[in-house]
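Engineer: Before we start, here is the structure in question, set down as structure tokens.
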Ligand code: PPS
């Protein structure tokens, strides 16, 4: 058991400044592993004592113990595999006992690691035991199978320097910085509140109550490393937290940012969060309903029961070394104009609540968010980041044969959107792109894919920055179109429009004379003649050009955009 006083410093893995300078020079000649964003988060907490008692990435024996029964090989409680996953190629070239340099994404050496273990993990078993099911609907299982390398390396880490953060520097604290601060201000009992979401009035009420009940001070300890895909970005959230912090009585509450990469592992994650907070000097920890829940599995059911996390935490409370504080579900009681715990609402009174889904809908549609629900400063920040759909960027992606009418309709659409105004419009027409972005490319599958991925990248950047991208390439491959959709949908809507002119009609029109040349074999790999075209199965819109004019086709796209809430009606 590793009981730490919350007054003494927690052991770190850093060497002294002078040794670090020396080691940095020596490490330059070692084989290097470029850390992934998740590994950088893990390494930071390993080095600064946030993951105490770990001394490095898990060895195989520790990994087996953690996966099977949440314990390191020496019996210490540790619920989460902290592993250094690498490619087979990198692993192959290593000797056991060799030191490697661990670098951030810019190549800065953060640490060295002595490789004591190398093994190919049974990922299906890890998924089942740690996350409860080998189901890729779970974000961490998806990561395990589709992002993480095939081989794990384990061994002790020697810390050279912390990962560099340029944002919110004053709000980031190592465990020992927090411990020192608690000592300085005389905080002895500290309740930590873990969060990855913006805080609204109910959260403020429940955290304040939790601290009062535990007769403790409150530490808002949000995760700013990696959270669930699709969450509100941490920049926005931290601005929201700053606003909420002002609502607590002065000197009762503080906030510090935690660069943790969450796994959304529910019960095991709650235990892990507790240990991390103990290491940061906290004595109490709020565990709520469905703590660190990953959402629904592929059968549409919850991965974990709503109170599994609380139960597991309670079971290991002594070993974790922090006391669990129950999270009360707070609701607004209209008649009293006040928040109450859900189980203490006076009989007959009206309870008001807004779910996360409803909040997102109201933000997306620019509808009212009442003051009883959230603080005006928080709503203002959320609206700045998530403007209503009619002000967000989006991409219209035309696909179809050469000569189908894509460019003509795309041009008409561009002009109509510019007439409306409000957002900048960029046309990425097939021919224009091939002149400017892809002039070195031909028409092999590989080159077409590269061409389309480039268009997708530009469109996603335009979409991210609130503009309208209209793309009009042939884009014959369904998989590539799907990849572009995924790139864009991170930032805004993607509207696929199949310009469904038949190959016979395109050939009959032959506006550029290319079909004739293709038939004569003078142009090779010509789409529809000597090269494939995957007809889109579920485009948002299919337009027929035989029988309707360009103006009408462009108008159909506008109607669809209106219907999706992307342009005001
Ligand atoms: S792709 O497949 O999406 O990368 O094609 P794209 O960039 O849209 O380029 C298509 C335009 O290039 C001309 N062209 C050919 N098209 C298809 N196959 C072959 N082999 C070929 N060679 C040249 C053709 O004019 C296409 O223009 P559009 O505007 O589609 O008619």
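Keep in mind that glycine also has a Cβ here, set from the backbone N, Cα and C atoms.
Okay, so TrEMBL annotates it like this:
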BINDING   400, 401, 402, 403, 404, 405, 406, 407  ATP binding site
DOMAIN    11-161  domain 'ATP-sulfurylase PUA-like'
DOMAIN    172-384  domain 'Sulphate adenylyltransferase catalytic'
DOMAIN    392-543  domain 'APS kinase'
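Just tell me what is around each of these and how deep it sits.
Structural biologist: Around residue 402 (ATP binding site), a 10 Å sphere centred on its CB holds 25 further CB atoms from the protein chains shown.
Looking just at the domain 'ATP-sulfurylase PUA-like' (11-161), the mean pLDDT is 97.
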Engineer: Within the set 402, 403, 404, which binding-site residues show a CB-to-ligand 1 distance under 6 A?
Structural biologist: 402, 403
Engineer: Other residues with Cβ within 8 Å of the Cβ centroid of 400, 401, 402, 403, 404, 405, 406, 407 at the ATP site?
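Structural biologist: Going along the sequence, the neighbours come out as 474, 499, 501, 506.
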Engineer: Counting only residues 6+ apart in the same chain, whose Cβ is under 8 Å from the Cβ of residue 403 (ATP binding site)?
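Structural biologist: 501, 506, 507, 509, 510, 511, 512, 514, 515 - these are the non-local Cβ neighbours of residue 403 (ATP binding site), listed in sequence order.
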